[in-house]
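Report on the following structure.
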Amino acid sequence: MSLEKSLDEIINERTNGFDHKHSRRRGSQNRISKKSRLTYKFKRASKEHNSSPDDGPWQHDLDQEQDAHPRTTHLQKRQHSENRFGVRVENLHYQVLEKDVLSLFENFHPIRVIMNYDRAGRSEGSCDVYFETSQDAEDAQKTLQSTNLKGSEIQISKKSPPSLFDRISDMPHSARKPSRSSRSNRGFNRSSKKDDRSFRSSSKKSSNNSISHEDLDKELDEYAMSFHAASTVSSHSSQDFTPSIANAHEKNEPVAPSKDSNLTEEMDLQMEAV
């Protein structure tokens, strides 16, 4: 440091150096803070994307399809089998509930009771009771016929098994309706069979219409032979006709008119008549 510098110059140099270092530090800090903010935004966006409840559109569609066409559960299959052996109970008091009917038939192993109500929710005075076997249903009918239940004598009749239409209507929608894959496979099989049939028919037609080289050579030879025979016949006829004309001229005899000349004369006469 020079001794000739004044105190003010020394202070200004130190101040400028401090400001320069401080500005560089602040610039690097700003760059670091910008980078950290970008990194934080990227991590946050990726986290929100990965933690979204819907991983893809197919998952949502699959849930909707399952809701629209529920699978046949074990309970539903059991219920369909349970509807085979049942009795109809009529003349029930309007206060009779499902638990009352179950307690009445408990000795005959009932597995299901269906109370019949109208649209207003009022009892129709009847219910259907289903059993494990047909023997249990018959025993319950014989034993509990005309039993008094809450002041009313019940009437029990054997319930006929459901018809085919009822079984199909009670069947879940997913069991009745074929899946998309099966329909698409059937459509693919039909189209492939049609294509196969069309290909085979076209191949048969092409095989029937195809002509080999030997057949072509044979046809050409036949045509050449027929043409040669025709030319030979015409040459012989002209040779036979020429000497006869020459002999007639030598003998000063009239030449017999040919068929062509006669035909020409007839045509001329017809034209003159017209």
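The backbone N, Cα and C atoms fix where each Cβ goes, glycine too.
Keep in mind the model is a prediction, meaning the values are calculated, not measured.
The compositional bias 'Basic and acidic residues' annotation in Swiss-Prot covers 1-20, 45-63. The region 'Disordered' annotation in Swiss-Prot covers 1-63, 148-217, 230-274. The compositional bias 'Basic residues' feature in Swiss-Prot is assigned to 21-44. According to Swiss-Prot, the domain 'RRM' annotation covers 85-161. What Swiss-Prot lists as compositional bias 'Polar residues' is 148-160, 230-245. Annotation source Swiss-Prot lists compositional bias 'Low complexity' at 181-190, 200-211. According to Swiss-Prot, the compositional bias 'Acidic residues' annotation covers 263-274.
Each residue of the domain 'RRM' (85-161) gets a DSSP state, and the totals for helix, strand and coil are 21 helix, 31 strand, 25 coil. Looking at the domain 'RRM' (85-161) alone, the prediction's average pLDDT is 93.
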